[in-house]
């Protein structure tokens, strides 16, 4: 109760002193006549973002009052040119140059270049610039632009209220750079800046602002209490903060931080012990903070809709920064390190941060010469020693006579010089000079009230702070730390989506969302457009975390959507979840032991893989067939995208299709994908089907072509059917390939036929995925023997001139190698003579012999069984090794019977659809021939003799005719 009483007393006295101060003469400005009902401009801050928007925010709540759209603060190229790439800073116009994939800071900024232009650098670069100033008046309540003043013209949109209109000055700087030796190298940029009064000291503003380097997040804290006052998301990077006053803009200080660093700050803002040391608020000397011990300066390289840019930002030790490659050993020996104990290192030295030095994981922009630019956080670059020499000199004054000698000053070098120190004009001194009486009255009243209230309310105040403190999402870096020390109340605040749960993150790992984390140092693979795959965990399960640059978020979402629909199949990689942060999208996928490329190239991988090579090929085809049945075209089939999973509890491994980033869905009612701007050329050189390059549309056969290349690559231990990589794509377009290395395989004829059908130049003549699965190359020994028996039964009673027999007996001498009796062993040859006669040149008789010996295998003599071997593998190998073309020949011949019930399991639907009109036509012709032959036989047959009956004469009529006069 006493604390409450004193609190009310404090508020009453504070209001009383404020009334006295306001009523004091001289407190109000002479020109101020705005009523009490109108909103004061001093409570409004303007936030400028890179897209050119000026947003008026309430300084107490962060609520957006109005928005004014202007030209973008920065416009710069998005392309990277070899040795001629510059990155401007939208905060102050400073410049960074990219050379040899390394960033350096130039000692001058865009405004300085414009003031010095035209000028020339010592590196042969020519600079030209221009400057345009403009004033525009706005209504501070609505943000409406009411008047524009410039040297060219003056436009008034509506009648200006001189009492309320505030004029803002804006300067547009345009700079162009040209290579003296190469006119093709040019660079242009436009930088807009607002004229503003500088606040004299940082501690005069009661708030401390933090802005994200890549997004428009703003966090605002009370400088004294450390309480977070408000947060706002403006969607675009913040470049400047201003206090809107009657006399114009007053620039406000703010810190730029990395997005992840701001998230870490949000996790600790209510921790009493860490808060003052982290941000330096509520400290004895606010100017002297411990930011240098907790955060590290870095350079953020980003890309907006208006071009590339670079902003210096503070990051913590968990943020990965890129460091330029070391080009060589140091020429001079460096100083000896200072010997420090481990305790001294922990106290005085900042923690080590992970730095990527050798492998650029996300090459976002790359030139043909190999120079690349990485988007993300870089070590703060060193300043170059580049200088520029102005070419303009002062014009002589009027007192100089014509023809007199003009003393020209030497050219000034604009380069890395010592920065000038400006005397700070304190904001408190401004108040003291302009309004001394209310200032002193307020100061004395506040001091007295603080002394009388703080000592009585100290304990209650501490308790109130402790009970109102909320802990956000907790990250435990040390799993061994006691649980009781880590337990705290959790909060739902924080605009970064921290979940109310606790996860343990191993040292060096990073968390994304509430369940997903990964190890940045454990890279499993890299892909195009900056894609990197890390080892990670999802909800305790080991997974592969695929990180995609946010610029390609469309592809990441499409990949996730397609995986959700297709990952139920055992041979499509499993998808778990997708998370995101400021720069990347993260996909949690099934963790695999190796890719098919690793299996072929690395022998140690083959030793750890228990699945057979032919099973890998068949399972990959099965996964692709599932995609095609789901109307999905993969478009990037290659050995790197066929993965082998970890062994299951039963020790089984699987082959799965992965990387759905380039997949496209065939729209309903269509059979192909048009090659427009959205589709583009998809795939990897050397594995792209020819129609992708020369046709306006593509479809499922593009995957079959790539799969055929993969089959040959796997069966030949790393050889490509279209030759070396240099001429590979040209050979693909021309249809020039060789399969000669398949001759070393036992099933060389089957492999040759399968791959040749998959690599056909005509897409419509290639096999479908189902036809590939039904090809005899993938049949087991049991299925092959059963097929031979079914064919023998089918043609046993057929006539010699029947269509199927004629097909089987075509080129029979080649199939049976001149005579199959000469190729079998003597024991089997002798046994065959005992029962019936076999024709040595007949494929049908060879199939009959195989069928009979299989059915009567146990009745065969011992020597014959030993020669044939066990059923099915050795028995089948006995015949196929002697007649390697037999299975393929019979398979092609009996396509005629693919529609019959017995043979449906051996052929795919597309084979039956292809053979149906052929069979129908053949049967129609045979039926017609039979009818014609029957008619011809009937016509040639002898006719039976016609039996005629003799005529019977009427004797009575004869008599009458012979005796007419009888009467």
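The backbone N, Cα and C atoms fix where each Cβ goes, and this holds for glycine too.
Between the candidates 546, 554, Swiss-Prot assigns the ATP site shared with 524, 525, 526, 527, 528, 529, 530, 531, 532 to 546.
The feature region 'Disordered', as given by Swiss-Prot for the ranges 411-431, 432-452, 453-473, 474-494, sits at 474-494.
Each residue contributes its Cα atom, and for residue 636 (active site, proton acceptor) and residue 100 (N-linked glycosylation site) those atoms are 31 Å apart. The recorded positions 100, 188, 672 differ in how many other CB atoms lie within 10 Å of their CB, and the one with the most is 672. The domain 'KEN' (781-909): residue composition by secondary structure is 83 helix, 0 strand, 46 coil, according to DSSP.
The CA atom of residue 100 (N-linked glycosylation site) is located 43 Å away from the CA atom of residue 672 (phosphoserine). In this structure, the C-alpha atom of residue 672 (phosphoserine) lies 43 angstrom from that of residue 188 (N-linked glycosylation site).
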